Amino acid sequence: MAKKKSEEHSSADANDSDYQEEPNFDDPPNFVDNINDEDLLGDMLAQRPSEADGVESVVVVDNIPKVEPSRLEKLKSVILKVFSHCGEIVNVVYPVDDEGTTKGYAFMEYRHASQAEDAVKKLNNHRLDKNHTFAVNLFTDFQKYENIPEKWEPPTVQPFKIQNDLYNFINDPDAYDQYCVAAETAPNCVQVGFWQNTLPEPNELETRERFTDTFVKWSPLGTYVVTFHKPGVAIWGGSNFQKIQKFPHTGTQFVEFSPCENYLVTYGPTPTGQKIIIWDIRTGSEKRSFVADGMSVLSMFRWSHDDKFVARMGENSIHIYETPSFYLLDLKSIKIPGIRGFSWSPTDNVIAYWVEEQNQIPARVTLMEIPKKREIRNKNLFHVADCKLHWQKSGDYLCVKVDRYSKLKKDKKELDVKFLGMFYNFEIFHMREKEIPVDSVEIRELILAFAWEPIGNKFSIIHGELNSSNVSFYEVNKGVKPSLVKRLEKKSCTHLFWSPRGQFIVMANLTMGTFEFVDTTNDYIISASPDHFRASEVEWDPTGRYVVTGVSSWKVKEDTGFNMYTFQGRIIKRTILKNFVQFLWRPRPPTLLSEEKQKDIKKNLKKYYPAFEQKDRLRLTRASKELLEKRSQLRETFMEYRNKRIAEWKDQKSRRVMLRGHVDTDNLETEEVDEEIVEFLVKEEITLLE
């Protein structure tokens with residue numbers, strides 16, 4: 001062992017002698033380093049603690065009521081109640097004059113500087129009463145404004161940036177509609193393609209990889225498309241779908257645009273519930289935020305048709321906020337004991353709400369005019385289990401679907417309530433008639449679906465058993481009770497989708513993937529009955545000419561994609577797309593033509609037919625010509641490639657002959673070929689003979 005160890009040492013010494021001397025990394029004499037600490041350690045110096053004077057957590061509140069010493073304690077309790085929502089208050093100072101009267105402002109110190117910033121953000125311009133609106137500022141802001149130079153310097157002129165045209169999509173001379181198709185390429189990574197529904201084939205406008213984490217949504221007028229990301233949401237628009245604005249709200253799950261696209265509401269989870277933020281779309285600024293217990297009906301905001309008001313339901317109340325200040329209307333909520341649901345008219349500032357039965361008092365449906373808060377119609381209802389409010393798109397009618405019972409059964413503690421002998425009523429409010437008359441339609445069968453005709457005076461319902469239901473169509477006319485005009489029996493459908501232009505309807509079974517296209521003009525003829533197995537969505541285009549059914553990967557993982565049909569149910573296009581997520585038509589803004597001009601165009605529509613037919617023929621001819629030119633170009637490209645390879649093959653002949661033993665194998669005759677037959681055993685079978 002000793003000998004072996006000594007050998008190892010001698011070997012190590014020999015190896016050490018082979019190594020070169022270690023290099024010297026010391027700076028040469030008189031060397032000057034030109035790198036400063038900011039360049040070398042910038043990221044670390046940015047985290048260096050800075051000196052603080054201790055006033056970062058102090059806010060100054062102006063426009064506080066001036067009160068005498070006898071009322072000071074009451075004032076303190078009111079102010080403390082308002083400002084304590086933003087954090088823990090350490091100290092409050094109310095300066096007073098010689099007589100002890102407050103001077104109208106106060107200094108308030110929070111536990112942390114972030115709480116003071118939150119107080120400025122939330123409570124600045126907070127209205128205490130009719131005569132006092134708080135002006136809240138950080139104490140450090142006064143020092144900042146003191147350091148403003150007295151000599152004014154003109155701002156630097158910024159170069160003009162050409163604004164993106166947000167409405168270019170409606171300037172297409174042929175008025176082709178656009179749509180987007182989303183497909184998931186990886187977890188939390190969705191590709192979105194934007195297309196124009198041109199003839200004979202759609203035209204791809206733009207495709208974005210990793211455009212959103214989950215899904216996309218169009219704004220009501222089609223100006224913007226919103227994408228969802230972990231830090232928040234972003235809206236895009238213009239010819240190339242450039243980013244218009246981003247709204248930081250971590251974990252946003254759902255958004256809602258106001259009807260006129262002035263505001264955006266984002267809903268995101270918090271550890272204790274749901275945070276809701278209302279944003280100004282044009283400026284990107286936060287207008288107001290709310291905290292709710294969870295994602296429920298109580299937390300949802302609903303907008304008036306003109307963006308002037310937004311409302312949400314509270315416990316036994318409705319909170320209506322005015323825009324753009326987002327203060328409560330008349331600085332108070334509307335107290336409505338027992339309210340269970342409400343909805344805005346799509347064309348007027350009228351709210352419909354219903355109240356449940358309480359202590360032998362019947363349920364009630366009320367129409368209230370805003371901002372006057374004047375009740376314009378009431379309807380009492382008895383034996384009510386639930387109500388659903390359905391406005392017609394034109395605002396001409398309101399249908400209240402009433403779930404009624406014959407008998408009520410309660411347990412001993414009255415916690416569990418069972419309704420027996422259920423039947424259903426449809427209360428139809430005629431909004432355009434004097435004193436708003438109400439008609440009633442009673443159905444004794446289970447109601448599976450209800451849908452108004454968007455433009456017209458008909459509504460349809462699915463009633464009966466799920467696998468063998470009936471579809472009934474009713475017509476509503478002035479001064480006459482709603483009449484049953486058609487009943488289609490034994491139809492296996494679960495949903496109803498009216499065309500945006502009325503007249504045509506798709507009766508869909510989204511469980512089995514079957515569809516029936518119906519024309520409701522005269523005889524309610526079923527024009528087509530296609531099927532799309534596992535289809536989970538139906539989308540009409542804004543003009544009512546095309547219908548798309550889709551199989552989303554949210555529902556199944558195989559055979560995802562979408563089919564496109566005409567309004568009569570004729571198949572136009574089948575698209576199989578892996579991990580297809582959603583298909584959305586781009587909405588269109590309302591037409592600028594007057595009612596008289598639209599009627600005149602419809603009346604003289606035959607006059608425009610020849611021009612349209614000629615344009616269609618030219619388009620098809622142009623498409624055929626383009627197809628022939630494309631094929632000719634492909635053939636020329638192939639022949640060019642082929643000739644190039646043949647020339648290369650000829651140039652290599654001498655090399656090829658040399659490698660093949662000086663035998664020209666390119667021109668071998670059949671006689672020079674030796675044919676050899678080889679036989680081998682494939683399988684062996686044994687047959688026993690008797």
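Here the Cβ of each residue, glycine as well, is placed from N, Cα and C on the backbone.
For the coiled coil (614-645), the predicted model reports an average pLDDT of 84. Taken from Swiss-Prot, the feature coiled coil applies to 614-645.
If you look up Swiss-Prot, you'll see 1-11 marked as compositional bias 'Basic and acidic residues'.
As annotated by Swiss-Prot, compositional bias 'Acidic residues' applies to 15-25.
Annotation source Swiss-Prot lists domain 'RRM' at 57-141. Across the domain 'RRM' (57-141), DSSP assigns 32 helix, 27 strand, 26 coil.
The region 'Disordered' annotation in Swiss-Prot covers 1-33.
Sequence annotations record features per position, and here Swiss-Prot assigns repeat 'WD 2' to 293-331. Residues 127, 129-130, 253-254, 256, 258-260, 262-263, 265, 267, 269, 272-274, 276, 278, 280, 287, 337-339, 341-349, 351, 353, 370-371, 373, 395 of the same chain lie 6+ residues outside the repeat 'WD 2' (293-331) yet bring a C-beta within less than 8 angstroms of a C-beta in it.
Under the heading repeat 'WD 4', Swiss-Prot lists 442-484.
For 530-575, the entry in Swiss-Prot reads repeat 'WD 5'.
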Query raised in the report: Which residue counts does DSSP give the repeat 'WD 2' (293-331) for helix, strand and coil?
Result: 6 helix, 15 strand, 18 coil
**Report entry** Residues in the repeat 'WD 4' (442-484) grouped by DSSP into helix, strand and remaining coil
**Finding:** 0 helix, 29 strand, 14 coil
Query raised in the report: Using DSSP, what's the helix, strand and coil tally for the repeat 'WD 5' (530-575)?
Result: 0 helix, 22 strand, 24 coil
